[in-house]
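Colleague: The structure follows.
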Amino acid sequence: MEGKINLVVGPTGSGKTSLLMALLGEMHFAPSEPDSLFSLPHARAGGVAFAVQESWVQNETIRENILLHSAYDEERYKKAVLHQCALEPDHELFEA
C-alpha cells in the first residue's frame with residue numbers, strides 16, 4: 001500500500017527476515033513440489049532499503065563483550081555501563 005507503513009513482526013526464528021529477503025529477490029527459491037508456483041516482480045520502482053539486524057555475542061565474558069577490548073576502569077564501568085544502562089539487576093543475577 002503506497003504511503004503506508006507495514007510491519008512484519010514475530011518471535012525469533014519465525015521467518016521475518018526470510019520473508020523480507022524473498023520479497024526483495026535476495027533469497028533463492030527451492031520448490032517443494034514440481035508444480036510449485038513462484039512469481040515476484042523483478043523491478044522495485046521507488047527504491048527499497050533493508051538492513052538485517054544480526055545479533056552477535058563474542059565467546060567472552062559479559063564485561064569483555066561490553067568493553068570490546070577497551071581498558072577496564074571499575075568506577076567508570078559501574079557508573080557508565082551498569083548504572084546508566086540499568087544493568088545492575090541483571091549483573092546481580094549473574095553474580096549469584
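The backbone N, Cα and C atoms fix where each Cβ goes, and this holds for glycine too.
Whatever TrEMBL says is automated annotation, not expert-curated.
Feature table excerpt (TrEMBL):
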- 2-78: domain 'ABC transporter' (DOMAIN)
Colleague: Mind looking up the mean pLDDT for the domain 'ABC transporter' (2-78) in the predicted model?
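Modeller: It averages 81.
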Colleague: Based on DSSP, tally up the residues of the domain 'ABC transporter' (2-78) by helix, strand and coil.
Modeller: 19 helix, 0 strand, 58 coil
